[in-house]
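J.: Below you'll find the structure I mean.
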């Protein structure tokens with residue numbers, strides 16, 4: 001052993017020492033310990049938020065623990081700043097873990113600064129490159145027990161093996177007669193070491209690989225696959241473990257109960273279960289979630305008829321081709337974080353939609369998410385559904401929440417609007433509070449970019465920029481000034497909505513407009529237009545647009561001086 005690991009072999013801890021160092025967690029019966037274990041290799045994928053959401057909800061519902069572990073053993077693929085993206089994205093979506101890699105509070109309470117990374121919890125380190133000694137000690141134990149061996153195959157030799165296997169159409173990899181160092185005599189190993197030949201440590205797969213391995217997946221049910229027959233690499237030549245080896249040790253020692261991850265890992269399950277048993281661990285419960293997918297329009301030309309056939313093909317969201325794969329995209333287009341979360345809950349479990357309708361005032365966290373109710377098939381990315389959910393989420397928000405979250409978005413994406421919103425926060429909140437609350441709450445805001453068209457007329461700087469006003473067609477130019485003059489003369493901010501509309505109706509009738517829309521429709525040739533046209537004339541004059549909330553409430557927020565000044569512009 002000393003030949004392979006030097007002095008480290010003598011000081012290696014035994015598995016029982018690690019069992020004592022990382023005892024079973026003192027949690028209630030049925031508590032789930034789950035984790036999100038990303039690699040720092042790029043932007044935060046929507047699938048990462050999806051899986052984190054499921055993991056955190058299930059752990060909290062069961063009084064368990066959700067933790068973050070950084071799987072950074074693939075140093076070549078690591079991207080600077082990726083850890084910032086992971087930790088900050090989880091925080092933004094209220095998915096921060098209870099333990100693992102976290103960001104410390106900002107110094108001196110400065111919310112604009114970001115704290116340093118810390119590792120919180122008793123089962124760390126939570127960064128794999130800081131656990132190399134643990135993996136090495138378990139590797140030494142496997143060698144002692146005859147379940148691992150050093151392999152000195154060069155890159156050229158491995159390539160030759162691959163070429164031969166391709167020619168024979170057999171499974172590629174180190175197995176069977178191609179496992180050239182599996183039973184190498186000690187003298188040969190010493191010779192390779194003396195020559196300075198680098199080596200990797202490989203798992204010794206079972207001699208009998210004719211059977212199958214079967215397990216019950218938490219999402220997909222019972223799955224059966226051939227037993228793993230590859231002598232998989234456990235430690236690379238630099239002593240860094242592979243994902244397969246590290247995850248088995250980490251999930252056992254961190255006392256993970258459920259590994260919930262993307263279903264691209266199903267093909268590795270025979271190896272992972274084999275590793276757990278070889279290491280002497282009880283396997284965790286596995287649940288594989290299908291990826292969010294997208295439809296691609298595919299055109300194929302029939303070689304016989306020459307006709308073009310069009311079909312839809314499913315594929316998972318691509319990091320390279322699909323902007324919606326990046327969680328930052330949802331922020332950019334202005335979907336509130338809760339909107340994205342509720343959209344993902346719809347994908348996870350279709351029952352959420354009916355639950356939300358029955359419980360409009362409850363937080364999404366009250367929804368009883370169940371592992372065995374997760375959709376086993378891949379859901380399609382649906383931007384129309386996303387915006388529908390977003391609109392519903394915003395409609396349930398208080399004016400204070402709309403202000404806070406909308407301002408947070410505007411500071412990054414619409415700085416002019418943000419400055420106007422911040423100039424008088426209470427004024428802006430009153431504007432946002434119009435038609436908010438109740439069963440017919442304002443649904444004019446779907447995403448945060450909608451704030452500008454819904455708020456611009458409350459700010460003179462933006463209202464004054466409107467060039468072409470869309471006055472109603474049924475009110476000829478010659479009628480505009482007289483009608484607006486009468487409305488200005490009779491305007492009283494103390495009027496109720498009903499009293500003010502009655503004044504407009506009387507002005508309309510006296511000027512040749514029908515007092516009711518149905519009256520106009522019954523005999524359009526008898527009238528210039530109807531009271532709605534006259535009311536719209538006032539709306540356009542005051543707001544600069546036909547699209548605004550209740551005009552009486554808008555004018556109350558604008559205030560009498562501003563309303564009178566705007567009407568007077570057209571006299």
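Yeah, the Cβs are placed from backbone N, Cα and C, and that goes for glycine too.
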J.: Labelled motif ''KMSKS' region' by Swiss-Prot, one stretch among 306-310, 311-315, 316-320. Can you tell me which?
T.: 316-320
J.: How many other Cβ atoms are found within 10 Å of the Cβ atom of residue 319 (ATP binding site), counting all protein chains shown?
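T.: Cβ-Cβ neighbours of residue 319 (ATP binding site) within 10 Å number 13.
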J.: Calculate the per-residue pLDDT averaged over the motif ''KMSKS' region' (316-320) and state the result as an integer.
T.: 85
